[in-house]
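Quick look at what TrEMBL lists:
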type     : residues : note
SIGNAL   : 1-21     : signal peptide
TRANSMEM : 299-321  : transmembrane segment
TRANSMEM : 362-389  : transmembrane segment
TRANSMEM : 395-420  : transmembrane segment
TRANSMEM : 432-455  : transmembrane segment
TRANSMEM : 467-491  : transmembrane segment
TRANSMEM : 522-545  : transmembrane segment
TRANSMEM : 551-579  : transmembrane segment
TRANSMEM : 591-610  : transmembrane segment
TRANSMEM : 622-651  : transmembrane segment
Amino acid sequence: MIFTKFSSLILILGLIHFNTAFYLPGLAPQNYCNQQESTKSCKSDVTLYVNRLNTEESVIPYEYHHFDFCTTDESNSPVENLGQVIFGHRIRPSPYKITFMKNETCKPLCTKYYTAGEADSDRRLMIMKKGMSLNYQHHWIIDNMPVTWCYPLQNDRQYCSTGFSMGCLVRNSKNPEVEESCALNPAYNRPGTYYLFNHVDLLITYHSGAKEEWGNAFKQNGGRIISVKVTPSSIHHDPKAPDCTSQQPLEIPAKPLEPGKKIDVLYTYSVKFVQNNTIKWSSRWDYILESMPHTNIQWFSILNSLVIVLFLSGMVAMIMLRTLHKDIARYNQMDSGEDAQEEFGWKLVHGDVFRSPRKGMLLAVLLGSGVQVFFMSLITLAFACLGFLSPANRGALMTCSMVLFVILGTPAGYVSARIYKSFGGVKWKSNVLMTATFSPGIVFGLFFVMNLVLWHEDSSGAVPFSTLVAILSLWFGVSLPLTFVGAYFGFRKRSLEHPVRTNQIPRQIPDQSIYTQPIPGIIMGGVLPFGCIFIQLFFILNSLWSNQMYYMFGFLFLVFLILIITCSETTILLCYFHLCAEDYHWWWRSFLTSGFTAVYLFIYCCHYFVTKLQINDAASTFLYFGYTLIMVFLFFLLTGSIGFFACFWFIRKIYSVVKVD
Ligand SMILES: *[C@@H]1O[C@H](CO)[C@@H](O)[C@H](O)[C@H]1NC(C)=O
Ligand SMILES: *[C@@H]1O[C@H](CO)[C@@H](O)[C@H](O)[C@H]1NC(C)=O
């Protein structure tokens, strides 16, 4: 009960909406009014921005002007933040002219001509066809809201997608499998034909102004935009008199055009403004978030699994405490007794348990980066829960985590230096340099290789050269010096004191049973932590690869806490068994035990790739696994460090309470 209340509290925190007293820059409401009354505080032009196009069938996004649509001067595009640039967003102005409260019917935009046999025309048409066959989706933005395409699903529900198809293809096979976007209109049925969506109906809902909300800016004929819905369609226009009520679709044969044949594509649009005062401006995102399939999943199933995990963890913790208590009581009793029996169990390895590991430098470096990733995730999630990183604030999540990662160089340097020093390391310069460059270098290297592929594909996902320079200068200009500062303080501090002395000569480790051998232990270690994150993982992957918005940060924060708990507990438990079996090589093993969760993450991503995505081409597959590897590596650092520090704390604790002569 208490648990349910607690989590619903976090949920509410996560779903908090901005109230009128507090707006982030760029997220304040925009007042609109009709042309006659427009002033500085209320605009009459409703600007439509277009974003890059993407699809579930490929990982490669393309800019709007990559396709042969009607374009306009793109020189004054909105400024994008680092996160948006890295995610491949390219927001550009469009030629659609919309005026507040002015209905438009079948307004022509531009005409594109294609003639058979002309090289340029063939190339343009080919790109359009490829886009339609892979089901590339438009992403339009009006008033900082996505323009949504709502269509009914089978179960009487409506799904509002934040993108809409540029067209569709009815495939030319004996058993024509009509694509989802073609199936919406029974007229799109001729096999081997593309239907290009050259007409859009925009339905703009607004909330009319009220004196209390607007203050001095109040206008009789004003309002705030609540939602913009689009219905795309394919219409074969008469070029002289475009008629948008025509039922005849624009058909483009899948085969190359016959010689002498021409196709004219006239793009048109209609706009309708409707008033609806029942929806508040502050809850205008709800209809999009509610239609996302997340809410379909019963909250209770997630909650139940969380409860089970917590229950299990509680049991583990209780068993450990009781067993340990008994052990310690027996050890200390034996010492006080006259007839000293032979030592047994984990106490036996007290002279070796703090013996420095092999490859201590690498371990210290990985732990430093792990700490960096840990605090980055924690702080980003906390911000996200408070609503700072809402979907309205595009790219903010990514920007926030990158900036945090750079700033958190200091704790990374400090932790790495202290651990390295406690291993008796003296090469402090290499330690700092490795901490600042090893893990970021792996991530950047992967990112750079993928960028080369995207460049080659002429994709909008390719980060411009200037952004690469910016990332490098953040890394070497800010993160590196901050790591040095942290390492300076880390090395200046006295070395970590261990509770027991280490013997000169290492003990022989007895033969281990199959359960206490390193590899089975490590493989088992990741199961429980993975078990409690995989439901969330599904939604996160959907938001990364299937255009769905992720907004359940409250839940994610909870899951993050549970991940910390389960990682720590499983590592401590396994660590205890290994010490009881007189195997004292715990440093690397504790890191790898919980770090193995990342391997399960990788397997899950492969499973997702095979079952959920319809990616066929090599470049997309390469990119998918590239991004996945970055994610898996960061997750490995995160979980590995959690396990290590939990185990480190535990071992220091238990050896400080037993008496050793
Ligand atoms: C625009 O069209 C809608 C729906 O047909 C109608 O309710 C509204 O009054 C129209 N607005 C204007 C300014 O004509
Ligand atoms: C306004 O929107 C609400 C919620 O979508 C709907 O139930 C209601 O019928 C709409 N009102 C008008 C006047 O269209």
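For all residues, glycine too, the Cβ spot is worked out from N, Cα and C.
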Task: Residues of the parent chain within Cβ reach of the transmembrane segment (395-420), under 8 Å, 6 or more residues beyond its termini - done: 80-87, 89, 360-361, 363-365, 367-369, 371-373, 375-377, 379-380, 383-384, 388-389, 428, 431-432, 434-436, 440, 474-475, 478-491, 493, 495-496
TODO: Determine which residues of the chain contact the transmembrane segment (522-545) at the Cβ level, with the cut-off under 8 Å and only residues 6 or more beyond its ends counted.
DONE: 56, 59, 293-294, 297, 301-302, 305-306, 309, 312, 552, 555-556, 559, 562-563, 566-567, 569-571, 574, 589, 592-601, 604-605, 608, 612-613, 624, 627, 639, 643
Task: Maximum Cβ pairs under 8 Å to the transmembrane segment (551-579) - stretch from the list 467-491, 591-610, 622-651 - done: 622-651
Task: Within-chain partners of the transmembrane segment (432-455) [C-beta distance under 8 Å, separation at least 6 from its ends] - done: 60, 88, 361-362, 364-366, 368-369, 372, 405, 409, 412-413, 416-417, 461-463, 468, 471-472, 475, 479-480, 483-484, 487, 619, 622-623, 626-627, 629-630, 633-634, 637
